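Reading through the structure tokens given below for one structure.
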Amino acid sequence: MSLKFLVGIFLAAILTENYILNKFLGICPFLGVSKKLNTAFGMSCAVTVVMVIATAVTWPVYTYVLVPLNLDYLQTVVFILIIAALVQLLETVMHKYMPPLYNALGIYLPLITTNCAVLGVTMLVLEKGAENPSFGYLASLVNAFGAGIGFMVAMVIFAGVRERLELCDVPNFLKGLPITLIAASLVAVSFLGFNGIIDRLLA
Amino acid sequence: MDKILIPVLIVAGIGLLAGIILAVASAIMAVPKDEKAEAILEVLPGANCGACGFSGCSGYAAALSKGEAQPGLCSPGGEACAKACAELLGTGDVAVEKKTALVHCMGNYDCTSDKMRYDGIDSCAASTLLAGGISSCRYGCMGMGDCAAVCEYGAINVCNGMASIDPAKCRGCAKCTAACPKGLISFVPLKKQAVVRCSNCDKGAETMKVCKVGCIGCGKCMKACEVGAVKVTNFCAKVDPAKCIGCGKCAEVCPRHVITMLDA
């Protein structure tokens, strides 16, 4: 497995396969926590950490427990269970050993427990692994990390857009969520422009 | 039967395992809770206004329980809250000085004039960016009501180009002091005392040009005060509330009538 392969996966997860803007997962925090730049950044950090750790745990469980027993249809149920327990554990550990980090990220952790972007990452990397046998454990972790960073990029860009929106003279009927959704769709369209860039970049 | 039993057992097993791990983890890594701080948080008003100087009520409660702060800093809570805090801490009674926010300016439209026709954003902060504001006095109140907009208790009234604060309604949250771009609003103890209602630091002749009541720094009040509570610095008089006995002599001699008496 070459480094080029991993870098390709990482960049693709950020730009072309952005979980928010391309796969439309995790829209709830995308709209909910993107009002301010610092909360958007904190939330994205927490999501990135949880995505990597969740993938690190769910991948072996799926490959070595569920598949041999022909129980891969239980994927969703088991993954939700594992992710929820994992986030809870992470919160306990952080509260004890990293109080400053807990104060900064603590309020976002419970929100992530049932976040579809986290569940989506853990399931989609397995789908990729089924299509391409060279897409193993390490590649899955890199993909999960890239997905988290992609989440952060989308959140930070959109927080900037929303801070500008605050000062705009928006027609009354579009105020609030409608204009936010329109802005989100425009940002998503702009990310379409990245299609194919990674293959060419590393070809 | 196995087709149902094995998946059920596996999911239940994973759930049980996760539950046990979490239970053990929470037992091992339990963080001792500060019960005193939580009890104090209960008696605080929960407005999270920041008037005490800490980040919200929980910050103040934590500082109180560690002994890093004094009870009685909470102005929205007032006396009852300070007593409850002191009781929980076991420090005995504390005296709470009742305070009110006060606009240190009397320049309404009768005394000052607008130096421009302003059509911009209707806010003091915005107009201040334009040549120091619309009022002829660059230190004075412009009466566009940024302070009234942030007051949650409806204590501020803007009338005739001048904000005034009702001491009976003021809860001391200090939001208006932060909102005023001229820094005209500050806290004074609510007792019988004299207050100088001007913040103009220009020389007397300059002040006279822009305002009919502005303090010219003549120093008559300083001489009239028998307890040395009034000081003129930067051509503007100031009363030290700690020394003022509320005799009213400075207000009598003031040629500009800018010193007023505050009632308890």
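In case you wondered, yes, glycine gets a Cβ from its N, Cα and C as well.
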Candidates B:Cys151, B:Cys159, the one TrEMBL lists with B:Cys170, B:Cys173, B:Cys176 as binding [4Fe-4S] cluster 3:
B:Cys151
Can you tell which of B:Cys180, B:Cys198 TrEMBL lists as binding [4Fe-4S] cluster 2 with B:Cys137, B:Cys141, B:Cys147?
B:Cys180
The rounded CA-CA distance in Å from B:Cys57 ([4Fe-4S] cluster 1 binding site) to B:Cys137 ([4Fe-4S] cluster 2 binding site) is 38
Roughly where does the domain '4Fe-4S ferredoxin-type' (B:206-234) sit in mean pLDDT, to the nearest integer?
88
How many Å lie between the Cα of B:Cys74 ([4Fe-4S] cluster 1 binding site) and the Cα of B:Cys137 ([4Fe-4S] cluster 2 binding site)?
35
Among the binding-site residues B:Cys173, B:Cys176, B:Cys180, report those whose Cα falls within 10 Å of that of B:Cys52 ([4Fe-4S] cluster 1 binding site); none is a fine answer.
B:Cys173
Report the nearest neighbour of B:Cys180 ([4Fe-4S] cluster 2 binding site) in space among the binding-site residues B:Cys49, B:Cys151, B:Cys170, B:Cys173, comparing Cα positions.
B:Cys151
Neighbour count, 10 Å Cβ-Cβ cut-off, for B:Cys52 ([4Fe-4S] cluster 1 binding site): what number do you get?
25
Mind tallying the domain '4Fe-4S ferredoxin-type' (B:206-234) by DSSP state, helix then strand then coil?
10 helix, 4 strand, 15 coil
Counting Cβ atoms within 10 Å of each Cβ, the densest environment among the binding-site residues B:Cys49, B:Cys57, B:Cys147 belongs to B:Cys147
